[in-house]
Amino acid sequence: MAENRYELNKNLAQMLKGGVIMDVQNPEQARIAEAAGAAAVMALERIPADIRAVGGVSRMSDPKMIKEIQGAVSIPVMAKVRIGHFVEAQILEAIEIDYIDESEVLSPADNRFHVDKKEFQVPFVCGAKDLGEALRRIAEGASMIRTKGEPGTGDIVQAVRHMRMMSQEIRRIQNLREDELYVAAKDLQVPVELVQYVHKNGKLPVVNFAAGGIATPADAALMMQLGAEGVFVGSGIFKSGDPIKRASAIVKAVTNYQNPQILAKISEDLGEAMVGINENEIQILMAERGK
């Protein structure tokens, strides 16, 4: 039964392919995201840029606020829990959230263990910066993977690094002989069946999105051309000068990511992008959480 549920969850996540998932803080923003063509919204009280600016401990959002967003839109609603905080996950499941993001954006609740995602009916999204992290999260029951990037910076460089790293490691696994896959599985600390899947199919067993630092239509198209199957946009939309226009442009960029003419047209006159922070100017806080 649990196995059937996991297959169903993976298929649910497949339905988001080619889509944009936007961080929203209230019903009004959620409606803007839905009108712009978002595939889903991520309900959270403080977007990554604010979490980074304020510091301190960041936790799961207020269930009342999440329910207000659920009531405002007809597209799927996601919400974040702290790494390893299975009770926050139980609460989100109780309010019938569509997806749970076990997220490094929030302060980790457990430095060693992630949530046992197989104990839940709801599909989980998890971040990964390389193939090992991705397969370990999938082994725990994640139905969807995203790059970690460095959230709240508006700097795409980390997301690019993570996506390229994932692609390189997948190609390396594909080039191994069958009998070498057992050693690869041991090195990655994952079940050999997952490594065999990557070897045979040249991709992860679940959908792989890009996240962290996506601020422009060009950023979104870049991640798609690098192999992402969709994108998460956090601070990039509602920290910009014209959120409605930018949200719509990023959705169009993901659909038309291989068409420079369309990308040029939709990139015009979007107002100020969010103020970015260069990765060399900050301490990398979030990408290193949860290995």
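Note that Cβ sites are derived from N, Cα and C of the backbone, with glycine treated the same way.
Features as listed in Swiss-Prot:
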type	residues	note
ACT_SITE	LYS80	active site, schiff-base intermediate with D-ribose 5-phosphate
BINDING	ASP23, GLY152, GLY213, GLY234, SER235	D-ribose 5-phosphate binding site
BINDING	ARG164	D-glyceraldehyde 3-phosphate binding site
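In terms of local Cβ density within 10 Å, LYS80 ranks first among the recorded positions LYS80, ARG164. Note on proximity: of the recorded positions ASP23, LYS80, GLY213, GLY234, SER235, the one nearest ARG164 (D-glyceraldehyde 3-phosphate binding site) is GLY213, by Cα distance. Within 10 Å of the C-beta of GLY234 (D-ribose 5-phosphate binding site) we count 28 further C-beta atoms, all protein chains included.
Annotation note: SER235 (D-ribose 5-phosphate binding site) sits in a helical segment as assigned by DSSP.
According to DSSP, the residue listed as 'active site, schiff-base intermediate with D-ribose 5-phosphate' sits within a strand segment. Separation of the C-alpha atoms of GLY234 (D-ribose 5-phosphate binding site) and the residue listed as 'active site, schiff-base intermediate with D-ribose 5-phosphate': 12 Å, rounded to the nearest whole number. Secondary structure at GLY213 (D-ribose 5-phosphate binding site), taken from DSSP and collapsed to helix, strand or coil, is coil.
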